[in-house]
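The transmembrane segment annotation in TrEMBL covers 29-55, 453-476, 505-523, 535-556, 576-602, 623-644, 676-696.
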Amino acid sequence: MAAVNRDNMEEVKTDDGSPKIKPRPIVRLGIFLIAHSPIFSVVFSAAGVLALLLLPLLAKNTYISENALMPGSARSMLSNQDVSDGSKLVKDIKNFRLNHEGQGVEVQKLIGKYMSDMGAEVSFQKFHPEGNQFHPLHFFSSPDSYALEENVSCASYGVNVAGIIRAPRGDGKESIVLVTPYDFINGGDYESLSLGIVSSLFSLLSRVTWLSKDIIWLVADSRYGDYRPVAAWLTEYHSPSFKVSDLLKCDELNTADNFRRAGTMAAALVVKVDGRSERFEDTLSIYAEASNGQMPNLDLINVVNYLAVHRQGFYVKVEKVVSLLSSSWLQIFGEIFEAVGKLAHTLNPDWNFGIPAADYLEGSATLASSLYSQALGIPTGPHGAFRDYQVDAITLKISPRFPPDSKTRQHDFFLRGARLLEGTIRSVNNLLEKFHQSFFLYLLTSPSKFISVGVYMIAFALLVAPLPMVAASLYIDGCKALTNSTHNPAENLKSWKWLDAAKQVFALHLLGFIVTLLPYFICQVPGQHSPRNRSIMWGTTSSSLLLITFVTIPGFSPFSSRLHGTNWAVLKSVTIAAAFIGLCLMSIINFATAEIGALLLVPTCLMAQPIKPALRSRRVKSLLGAFCSLVLVTIGFPVMFFALSKGLLGEGLVGLSLGGEFWTWLESLWAWKSATYLYIGMVHLPCWLLCLCILFHPS
């Protein structure tokens, strides 16, 4: 009882006489992390990089999540007669083009006749694709550059051919789309083989009784590229235009009121035959990345991969960064992980997380390609047009092992390719609803291995975790320094010390927004300008705006922060907070972009500190820190990182044409409305400028 009274007496002995409340554990943990933020920032950053390197080891085997798919459960019904029909179409197209060179519309009519003879509803669609133009007000709008325009040239339009088979067991509310891009003017022999594969399958599907979803076969006029005709057809399919165009007068094809539609699209497969395989077997390449890192449901890839490997004997692959396969440092990591895995297996036979070093190299190269393709935000094939309408789609690029004029092997190639598509369509046909069981957020390390979002997000979380801790620690230290430097009680309001730094950070982010819009105005400059000249104009204008901002509004210039009483630690604190918010927002839009951005921006922000005190002290530790800061800031410059990434991808570093190539790369980003372009201009570039200002802060 006496002990309790003694504790109560000690409890009230505070400055104002109120009882002292013990902080909650979460608050004490936060205070502990902030107090030791330098140590934890190093630990978390190293753990984030290590987690990224461990991802190939953590990849799991793919599996079919939706039981209704049942790939390979039914016997193929494709006959030799169906394959003969496909071979006949390819032969007729080849003979027609030899005798009627340049008459593309007649080839469309020939394909339409074949579709009609199979019992399909045939329609032709004319489109006049315009070049993608950067417009800030249309950045996130749906593509409208494929609509029919007035007063266009009849020599530049394209014609798509679409045939629809109505499902005998369906109600017309769902459909499956098959797409074969084909250049009706300059199409090669390999390209026509894709028509033969799908025509063989179409011949079968026109008479089967098990179909519950309509089948659409779209032959896209790919003279303007593979993506644009598909996007034009999808725009007309989902958003019909009732505007009469002059294109209707261009030739004898009557496309007015001729467009046919089916039900909601359950899935889409784009089939291409592209060159001869480098292996001794037919190769199937799967492309799945759509705009802004969107991916189709993993079950669709799993079904195709299972049928191709275990039923038709294709060698299936996905894209990889070939230069990483010969990387010595990755080889060292692979051997280390392999040795650790063997050691763990000897300690406990149930621990099987190690993989051979060769498999680690393959997985890392494929993972890097998957991460890079998603980060770019540019579709890797015409399937990306379907993903804009929330339709799961992939591109299948088949490379046969024989030359295109080999008639003996062509029959077997058509048979196996059509059976692959038949099995996939039967699986999708079994679905009673859209794909939803499997993953939509994942990275591929091989056609049969993936990394789910719950695994790869750990690396990003570890990388950005130090940012709020370091920001809070720097803010506290900066406020203490400012308080000690003044004797005016009115200036000791620590709560508002960050406002001056926030104004400077806001000014540079506003400048980044303006720089992001500059390409639109540069493209309006009359005359023909090369990409190199446009990049020079962009860089000159951006630098001039930066100097004008610093000269006309000196309070916004970080270089004049000493005159306005802003400590560099407070400025760095607000900069880190802005970087943290930008990276977290970007992770919602495109996780791959946020991951790569964190690898660049987090070390740069954490290491940024004024170099003048380091030069004055001449200590080895200070000089080493200043050198690391300079290196990170140099690498973090977007143009420099672009050059280094080209070297890592095996394309080699560029010289005087670097500015032009960087402009062309940015053009591709805004033409495809990639959110990565906005991230570079409105998050990365302002934070990089702020780190540069901190580096040369007049402390």
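From the backbone N, Cα and C atoms, a Cβ is placed for every residue, glycine too.
With pairs at least 6 apart in sequence, the transmembrane segment (576-602) and the transmembrane segment (29-55) have 3 or more Cβ pairs within the 8 Å limit; the two touch. For the transmembrane segment (453-476), the most Cβ-contacting stretch among 505-523, 576-602, 623-644 is 576-602 (pairs under 8 Å).
Here the transmembrane segment (623-644) has long-range neighbours at 600-601, 603-604, 607-609, 611, 614-615, 653-654, 658-659, 661-662, 665, 680, 684-685, 688, 691-692, 695, meaning same-chain residues at least 6 beyond its ends whose C-beta is under 8 angstroms from one of its own.
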